[in-house]
Each structure stands twice: as structure tokens, then as C-alpha cells.
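Below you'll find the structure, written out as C-alpha cells, and then a few comments.
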Amino acid sequence: MSKIRVYELAKELNVSSKDLITLLMDEFGVEVKNHMSTIEDEEAQLIKELLATKPEYIEGSLEDSKSLVDEYEEILQNELNKAKKKRKKNKREDKDDENEELETEVIEIGETITVKELAEKLNKPSNDVIRTLIFSGVMAAINQEIDFATAEKVCESYGVILEKLEVTEELEAVEAEDDDEENLTKRPPIVTVMGHVDHGKTSLLDAIRKAKVTDTEAGGITQHIGAYTININGEEITFLDTPGHEAFTAMRARGAQVTDVVILVVAADDGIMPQTKEAINHCKAAGVPMVVAINKIDKPGANPDRVKQELTEHGLVVEEWGGDTICEEVSAKSNLNIEKLLEMVLLTAEMLELKANKERKAKGTVIEAKLDKGRGSVATLLVQNGTLHVGDAIIVGSTYGRIRAMFDDTGKKIKSAGPSIPVEVLGLSEVPEAGDRFNQVKDEKTARIMADKRKDKEKSDSLMSGNRVSLEDLYSQIKEGKVKELGIIVKADVQGSVQAINQSLEKLSTDDVKVRVIHSGVGAITETDITLATASNAIVIGFNVRPDNNAVAQADKENVEIKTYRIIYDAIEDVKSAMIGMLEPEYKEVILGSAEVRETYKISNVGTIAGCYVLNGKLQRNAETRVIRDGIVIFESNLSSLKRFKDDVKEVNTGYECGLTVEKFNDVKEGDILECFMMEAIKRKEL
């Protein structure tokens, strides 16, 4: 006996499969699991007849407000559909009998999916899927997104079950996983060294790590965040090496978010400086305790008491003065009191009672990330809870992967890392953003699905925000007509540097000149970057990276400027100079001279000629001139002609008489003062 599938019957009756399933189970007692289930042809015929006599069973099939014409059109369409079904009936019945016992194909998607991706999942040509959408009343291009309901209709027509992915709840569960108190054990403190430029942050870390890195770093400024673990008296301390320059405010603030204790370095001879104040404010905002290290106390002119006094002005009262701020006088150069400083750090950490659960799934933060030519995506992760193992699947922001290899801060291969331990990992699909959170998940498939969902959300958010910003900018530029824009493409060796440069450049924007970072990324400057710069009329900035040969050739051909730097401060200063060069000059009024009208003459076809006596300075032909009567400016124009006797002259000096006419002004009267002036352009020297 022949059978028919539920979705086919639903099509014939012009109702949704969901409504028909409810109808079959509730009203007719026919057991069906989903729209791919089959029912006997006899049952289907009975249902058709019953519904033909009682159309009220079809929920929402006909509305009371429908016109008679609409009803006839619908009936006609149903008849046409039935005719098509009859032509293919025999083939379908045979096929149904053969496939009845086969497992129905199921595919999973998120809230939305592009037409191209859906076609790939269905293993059908994109054109077929687009055609199906058109028959469903949806006009969509190959790269256009469609929602779950629309995709479900398409899958239904191909006999495929579509299920919605629900991965958000799982990720939230991972993030919100609570730890039992009995599973918590003591963990090492995570310490960040902060302070003003050249106050000795890197030198202090040198003294702590017994490794000289200062001399190898350009300009004496730490170029990007590294992470190191040291052992003191049997206890471990993890140091985050954050850049100390003012341009790295964002990176320093991010460092404070994963930090337990901050060592605030203040030079004994300099005292509190702008970046020191910045560091203090970041620590207070993050609620991170500080241990003050007064450095360079062995230097001539050192005055630790003055530093302590200045600290008091910023709400940090040292212990010896009755406060609660731990302060240690040290010298990174001579290793003076370094051990004491570390003991104070451990004491502060002990008061915080830092604990973590080693037995749970790992989670933490990306400290740094870069693209290595030989190893691919390399990320420095700081494990903040749980234990990370080689082979674990992780999701990092909108990136995912399985850890192929893991290295400690000395470059040694390790198999696992517990809380507060920084590790360098290989195996991520892309370079993550520095500061991204990472979570261990059950398998790589789950990680990929989560990452894809996050990417889709970021993409839609950026498209929405991008459209809004563009429209607002376009409106304001049209309205003002004066806004200039400097387009920049940023490439750097590590993600942290990219973020720092981007944030510093954004701060340079003013009402007159806007800085727009068109593209930024990690890696060498490529031909693609030059092509983008050409199209966007932008300059290319490289930090610790070089352009490849193709990029250089393309840049020469297209006249694109490539500038490379080793110190970020220099890059920011150069961009600032370029912006200043784009500014309109300021104008200053310079008085050339003034004259009194002694007599007036009216000449036909010429107008009123003023006979004047130059009181001071000089009058110049074509100079801007204002007419002043009784101390009030009544007109501004140019001197259209200037004569001495019958001769045309360019200028007339003090004490001489002359005849002149003011352009478009014939109401000159005796006693009027004519003041000549010019607007002198002054090149702007600052934003």
C-alpha cells in the first residue's frame, strides 16, 4: 500500500507541516514524529475529505477578511499543486517505499545562515536553493543571510530536518561554573609592573629575572607584553611585563584586569610623573592593591621622602607614615632590596587569599598573540583557573582550536599548566585579540560552532554600527564642508602593538582632521595592503615589520607611502605632523594703513572717487578695505583703483594724497576713514 510523507500532504493542503502534525496527532490520533514521517494513503485521503468539508480544522488557512477573489485564487493554486503531484505520484510512491526505513538527514545552523552556506550544507547547487527561495516568496542573493524559519522551509522542500544550534547556554555554563570551596587551592599572584617611562620598570624585571633584555629593546621601552614566572623562597610569582609608555594606556589597563598586585615603580630623583598618575588611577579603578618601589635610590639627587610626600597627595600613604601602602626603596641597578620587595608582594598576595580550582576546565586571558612564519598562530595565554593540557579544545574570543603544543616562559615544552601560569600555545585557527578570554570546551566541533556564532554576531554588529557611523560622518562632513580625513593602514609584529597604535591614533582625531584606521593586522606589509591603501588614499604604517618585495614594487607604482618604525612614539608623532600639515592655516589680520576722505567726486561710468590723505601706513591697490563712519564699520570691499594725480599706482605712503574708488561702494562721504588691511596666513604648529 502506498504512503505519503507529512510535508507532502501539508503542501497539498497548503498548511505548514507543524500545524498538520498537531492536527494529525490531536484530532485524528495518527502518530507522527516529524514532517518526514509517512502515513497511509487511505488516511491521507480521509483527512483531505474531512478538511474539505470542515475547513475550520486548518488553523489560519483562510482568514475571515479574505475576499472571494483571494479564496478562488487559493483554491486554483491548490488544484494546480495537486495536478503536479499526480504526475509524479508513481515515482514518489516507489521512492517512499525504498527510503521509508532510511534515517532522515539532519543539519544544524544558528539563528541565521547565508544562502551559499546553506547550499553547501544541503550539498545542492546555490542556484537551486535560490530558486527554491524564490518559489517561497523570498528574494535572496548568494551571500545574503536568511533566518532560521526561511532556511527551515528550504530544507523541508529537500526532505532534510533543520535543527537550531544552542551553544550560547553551554558557553555561559562554562563561564559561570562555580567552584566548591574544598577544591580551591592556593595559586601564585599575578603581578604587573607599572610606572612612568624610563623610571626603571624593565630594569627592575631584569633584576628579578636575572636576564638582561633592556639593551635589546628599542628606545629602552618594552615593546609588547610578555609573561614570566619566577620562584622565590619556594613560592611562585607571575609577572606581566606591560609597556610603560603613555601610548599603551589601553594595554596597561587590560593588564590590570588580570592582575592581583601592581608594583608601582617611581624614580627617587623624578618623583610622580604623568604616567605614574595614570597607573595609580588604573589600579584604583580596577581595585588592585599596589606595592610602591622607589627605584634609583643610589642615584645622586635621589629623594625618597619627596616621593612619599607626592604619593600622599594621590591618596597613597605609606605604612611608616601611618597609612596602608607598602613601600620599598630599591635599586634595580645594584639589586638593592629586590628580595624585600618580592617578599612584600608575597605578603600582599597572602592577604588577598588567592585561590583557584586545578581540577576544573581551564579558562583565562590572552596576554599576547602573533603570527609566526614557521609555527602559524601563536598565543600567550594566562591560565586563571583550572588546568590547561596539550590536546584540549579551546575557544578564544571568535577563534578556536586544539592545543598542538605548549611552552613555558623559558621556551621549554610542557604538557599542562595550572592557575596563574603563562604559556605559549600553538594550534589556534587564527590570531586572537590580546585581552580575549579563553575557555576550554568539550571538543573542537563545539569550539568551532561557538566561534562561528561569535563571528556572525561581530560581523552583524560591525555592519550595523558601521552603517550608522558612516551616515553620521557623511552628514556632518557635507554639512561642515571642512572635515579632512587621514586614512591609515597599521601592520605590526604582535596584536598588542596593533591595539596600542590604533587607540593612540584614534585619540589624535580633532574637529578639523579625523584619523581613520582603515585596516590593522599582524604580519608583514603585503601587496593587498598597498592595494587597499591605493583605493582608500591612505598611508601604510609598519611597526617592527617590513614590506615584502611585491608590496614595495606596488607602492612605488601607485605612489603609496610606507613608513616603518621601531618605536611607537615616533609613529604617533609622524602621524600628528601629517595631520598638522592637513590643517587649514589660521589667519591674522594685519593693518596696512588708513586714510581720511577729504573730498569726493562723482564721475559718470566710474562712480564716486574719494580724494584721500594717508594718515598712517600705506594704501595698496586691490587691498581689502573697510569704510568707517563715526567709528562704525559700514562697508567692506577692495580698493578697485588707486591714483596719484593722473597716474595709476600700486601703493601710496603716509603723508601723501591720492584718489581712489572702493569696489561696489559709491556712498563715500567726506570725513570717512578708509582702513586697508590684509589677512596673513599663519601655518598651524599643533592640533
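Along the chain as shown, residues are numbered 1 onward.
Cβ coordinates come from backbone N, Cα and C, glycine included.
Take the CB of Asp198 (GTP binding site) and look out to 10 A: across all protein chains shown you find 17 other CB atoms. If you look up Swiss-Prot, you'll see 195-202, 241-245, 295-298 marked as GTP binding site, on the strength of sequence analysis.
What Swiss-Prot lists as domain 'tr-type G' is 186-355.
The region 'G1' annotation in Swiss-Prot covers 195-202.
Annotation comment: Swiss-Prot describes 220-224 as region 'G2'. Averaged over the region 'G2' (220-224), the predicted model has a pLDDT of 44.
Here Swiss-Prot flags 295-298 as region 'G4', drawing on similarity to another entry.
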C-beta crowding around Ile297 (GTP binding site), within 10 angstroms: 20
For the region 'G1' (195-202), the number of residues DSSP places in helix, strand and coil: 2 helix, 1 strand, 5 coil
DSSP residue counts for the region 'G4' (295-298), split into helix, strand and coil: 0 helix, 1 strand, 3 coil
Other CB atoms within 10 A, centred on Lys201 (GTP binding site): 28
